[in-house]
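Participant: Found this in TrEMBL, in case it helps:
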type	residues	note
DOMAIN	20-96	domain 'Transporter-associated'
Amino acid sequence: MVEDIQDEYDRQEKPAEWLKKLGHHDYLVSARADPAMLNEKLGLKLPGHGSYDTLSGFLLEYAREIPAPGTTIEVEGIKFTIQRATPQVIQEVQIRW
């Protein structure tokens, strides 16, 4: 029997899985979300420069390491609080502005 083996990076997430509204200007977001898409969907103005294509990569540009859950990084008035992470990867982030 042959099965396809998929890890968390191979699966395509549906919008309901990567974005959850918690309140006014308060969202829970998959760290795999595309920053340009977040700009479009949430009306944010995240900087578009850098060598990243995910929210996790964007945050690593500022933190320089994988932040522990509970850590807040503020960029241009937007607060990113790490909700879930392992020592290897940021998984989920709360965005407030």
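Glycine residues also receive a Cβ, built from the backbone N, Cα and C atoms like all the rest.
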Participant: Which numbers of helix, strand and coil residues does DSSP report for the domain 'Transporter-associated' (20-96)?
Facilitator: 17 helix, 28 strand, 32 coil
Participant: Give me the mean pLDDT over the domain 'Transporter-associated' (20-96), rounded to a whole number.
Facilitator: 95
